[in-house]
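Notes for the one structure printed next.
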Amino acid sequence: MSSSSSTGYSKNNAAHIKQENTLRQRESSSISVSEELSSADERDAEDFSKEKPAAQSSLLRLESVVMPVIFTALALFTRMYKIGINNHVVWDEAHFGKFGSYYLRHEFYHDVHPPLGKMLVGLSGYLAGYNGSWDFPSGEIYPDYLDYVKMRLFNASFSALCVPLAYFTAKAIGFSLPTVWLMTVLVLFENSYSTLGRFILLDSMLLFFTVASFFSFVMFHNQRSKPFSRKWWKWLLITGISLGCTISVKMVGLFIITMVGIYTVIDLWTFLADKSMSWKTYINHWLARIFGLIIVPFCIFLLCFKIHFDLLSHSGTGDANMPSLFQARLVGSDVGQGPRDIALGSSVVSIKNQALGGSLLHSHIQTYPDGSNQQQVTCYGYKDANNEWFFNRERGLPSWSENETDIEYLKPGTSYRLVHKSTGRNLHTHPVAAPVSKTQWEVSGYGDNVVGDNKDNWVIEIMDQRGDEDPEKLHTLTTSFRIKNLEMGCYLAQTGNSLPEWGFRQQEVVCMKNPFKRDKRTWWNIETHENERLPPRPEDFQYPKTNFLKDFIHLNLAMMATNNALVPDPDKFDYLASSAWQWPTLNVGLRLCGWGDDNPKYFLLGTPASTWASSVAVLAFMATVVILLIRWQRQYVDLRNPSNWNVFLMGGFYPLLAWGLHYMPFVIMSRVTYVHHYLPALYFALIILAYCFDAGLQKWSRSKCGRIMRFVLYAGFMALVIGCFWYFSPISFGMEGPSSNFRYLNWFSTWDIADKQEA
């Protein structure tokens, strides 16, 4: 290496060391938000003068109070203007309004999302004086007794509050004042946020808690020079609470949690290189973050499900997704209402698998397309007549007859045939590979009372008896048992795998070879029992309570299974669905309601100016990161100023990471996707766009001419965003009259704002 290169390297290295030392010594700010954001205000003063006279400082303090109020007022207007002109159930209000009704009726239901957002919908109904008696049928007119406007206003407040949070986030990052205003304007005048914010949906709640999580995360980062101080603990705990609320609305909250987790790992890894830090302090950093960023969010998540279970105390549409004992304790449930002991022949039962996510043993007339080509046997998560079975005597003995008067109770260790009530087929297995789990045997419906073989015979093995009833009998709900094939020696089991489309994506049932004894996939219980010949259940009989944590895990697994089943149907065209690449490019939008001339119409589409610009900014910032890495490898040190480095991290790098975490999963996932899935990722793209303005135009503030040009660019782009929002405002505020009146908004053939035949 030449002497000049060597000298350059040593200077750059010294500058890098100096930068690290400066970063360690950098102080954060005081407890109030306005004071904690003062570093951004100090940076703003450079736009005007190197000196900071008292009058200018007063103006900045006044700005930090007045502008958030103005921006919030504008946000309330853009989210709530004409919010009630469409008195029909719009888009997914049909789902989430109905779920809110279930909370007011206390009826148990099942959905793919965690409960916090839907409980807030229920709260909005309660505050609006609604009694929960309506089920929000899609497209129907709201009844007079339901104040849907108040419910929508409640939801819109979450969307509106994202705007002041964006303002404070920009200040916390350290953006200059023009950039703070720009970022706030980008969020304020975003058509997609304004459109979805006015309906009874979860998206605005999800966005609010996501924005709150990132804001509190940045504020916590700004306290890094004062670890374990009151402000440090405050923002750590607020971050944890915000993360817990985000994931409690939708599982998409895992993405922002992952971003904070990556930051935390990098932070702790950096501390490990600090020889001045004692091991005790280092371990305390670990413990504090485990508590604040793992335990606190998990407790929030857990608490939401506890409230969910406590509120939904009555039987409802989602009962079958839960364990049998859980269902039995729901008010009005028919589970466990039958006689206590199971009898041969006369007892018609449904049989529930006890694995996490277990379903009811089921069969139907459709046959396997391969293998034996016999009748399918599956597990099904919903109540159905095809879930009903009865026990008959083993093959070779006389079949049970309705003329028999003596009651013969089922006993463990005895061999029986299990007969499907509606088709008369015997539960059967044979040495044929199962359709999905090829190492296990297929289970089918085969034969009848005449046709069959010894592979129809199954032995009941009791594994657990809850209660003090006769241990030698099979009891409804409280007896856990295994079902062993006498001939093959394998056990009836639900694998957890879903069958293909020919099996209606129901759960696979197999005969499992050599399972371990505690494998709950082979454990079953009687869920419902009908038998008029037996005495009813004693009135004073009480089922044992279920374990909350087990119910919590069971429900979450059922939610994941339902979510994974939301895959596109190749035989059907879903005109509402879209691909991830179409979102940042605005290739498509989404009609949110019927397109008749008589009703106001809404079209979900981002503000073109900001969405396209943010997409370009993401690509530009990616290229910038690559260039900086190449220069760093060649011993060049950029971003020497600690303030610039901090803005780069909080305003560019971590928003890019958050954007990727919120966007890329939808690129690779197999489930059906829609335009609104991009809304959280769009927020981080807007932050990156603001950073590109801030960093790209920073040097222009050094001269008077540069400051003028900088002002023109900021003002011009903000005017473009506002103008674009207003131009497309009908898609957010409601398009009244024929859609042909708005065909001027159809910039591209893929936008179906106006009907194609009218365009």
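Glycine is treated like the rest: Cβ placed from N, Cα and C.
Note that the structure is predicted; figures quoted are calculated from it, not measured.
In Swiss-Prot, Arg61 does not share a side of the membrane with Glu461; the two are on opposite sides. In Swiss-Prot, the annotation phosphoserine falls on Ser32, out of Ser32, Ser372, Ser401. DSSP assigns Asn131 (N-linked glycosylation site) to coil in the three-state reduction, outside any helix or strand. Listed in sequence order, Val121, Ser124, Gly197, Arg198, Phe199, Ile200, Leu201, Ser204, Met205 are the same-chain residues six or more apart from Asn155 (N-linked glycosylation site) with CB atoms under 8 A from its CB. Listed glycosylation sites: Asn131, Asn403. The one with the lowest count of other Cβ atoms within 10 Å of its Cβ is Asn403. Residue pair Asn403 (N-linked glycosylation site) / Asn131 (N-linked glycosylation site) shows a Cα separation of 51 Å.
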